[in-house]
Amino acid sequence: MNRNHHDHLDAAGKDMWSRLSDLADKADMLYEREGISKDRKSVSEEEEEKKTRFSILVDLVGRLCDQEERRTLGSSPTKTNTLFEGSEKSHLDHHLDHLPQKPRSSLECFFTRVYTRRNHNNVSTSSSLFNTDEFERTETKSPTIRNSQSSPSSCLMENTKRKRYQSSGKSKKPKFDPFSLTAARETPEWLLDVMRKMKGAEGPIKLIYEKTLTATDVKPSESRLLIPFNKLLRNDFLTPEESRAIAIDKEEEEEDTKKIGVKTIIVNQFSKEWSLRFLIWVMKKKKSGNGTLYYTLNRGWNGVVSGNKLKANDNISLWTFRCGGVLCFALEKE
């Protein structure tokens with residue numbers, strides 16, 4: 001013969017369990033009372049709010065059960081805040097003070113059953129109503145270097161009005177893997193030291209590109225470093241203003257107009273700096289006439305090559321950071 005999990009309780013215990021049920025009903029009534037305001041919210045917002053409030057309610061009940069146990073053992077009680085105010089607060093406190101000492105996992109199961117039974121959207125309990133991992137997402141950030149007040153005049157950027165580049169009605173987006181092990185490399189200590197010496201240098205610091213240099217990359221007559229979109233480790237290092245400044249439209253592509261781009265700075269591990277231009281370059285194929293998009297560093301790249309003694313087959317890495325809000329690159333030669 002099946003028995004309910006509270007059949008072993010005496011009359012007082014059953015009464016306490018009954019009051020717990022009343023508490024759940026009361027919580028459900030409060031949600032129904034707020035139905036009009038919730039109708040104005042999206043389904044996702046409504047569900048997130050329900051998850052959060054039910055999670056807090058379960059935690060509250062668990063803490064009050066702990067408080068009841070401490071009081072029974074003779075320990076001094078601790079003050080516990082509730083979710084509700086006014087008459088509803090006093091009514092709920094009356095029931096909460098007599099809750100049975102059930103494990104929190106049982107309380108969670110109980111509230112999940114009550115919530116599911118009354119949920120008009122038929123939300124399954126398998127959606128992990130009380131999974132707090134959904135609300136505790138962390139993000140690893142690069143170190144931020146702040147030695148002095150950032151000055152917009154210390155690092156200048158030239159903006160030009162451009163249209164968004166389009167090819168055959170489709171925009172070509174850079175491909176990158178934000179979760180690659182390469183992109184997760186730690187910031188080199190030398191870069192942090194260089195940034196401390198720069199006025200207005202700050203993070204976030206991002207590793208965006210790695211390459212084995214070709215003969216063309218170090219050829220003086222070319223005087224530029226091409227960075228293919230699909231070889232980027234990440235493409236979130238530009239501000240909206242910078243993206244507009246380096247963008248090109250169809251007319252500019254056909255006219256092969258010289259692009260201005262944005263002014264940028266490259267530094268090496270010896271704190272030496274070079275001023276360059278950063279822009280988008282279109283490499284057209286002779287047969288098809290289709291263009292491939294690249295980022296490019298030019299108008300000073302030869303100085304970077306000679307100053308760092310770069311040659312073909314050298315492995316380099318490019319990191320980005322900010323100087324007074326302006327895009328800067330750090331060149332690491334391996």
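First residue shown is number 1, and so on along the chain.
A Cβ is built for glycine as well, from the same backbone N, Cα and C atoms used for every other residue.
Taken straight from Swiss-Prot:
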{"type": "REGION", "residues": "69-89", "note": "region 'Disordered'"}
{"type": "COMPBIAS", "residues": "73-84", "note": "compositional bias 'Polar residues'"}
{"type": "REGION", "residues": "133-178", "note": "region 'Disordered'"}
{"type": "COMPBIAS", "residues": "141-157", "note": "compositional bias 'Polar residues'"}
{"type": "COMPBIAS", "residues": "161-173", "note": "compositional bias 'Basic residues'"}
{"type": "DNA_BIND", "residues": "229-334", "note": "DNA-binding region"}
Pull the DSSP breakdown for the DNA-binding region (229-334) and write it out as helix, strand, coil residue counts.
-> 23 helix, 43 strand, 40 coil
Can you tell me the mean pLDDT for the DNA-binding region (229-334)?
-> 86
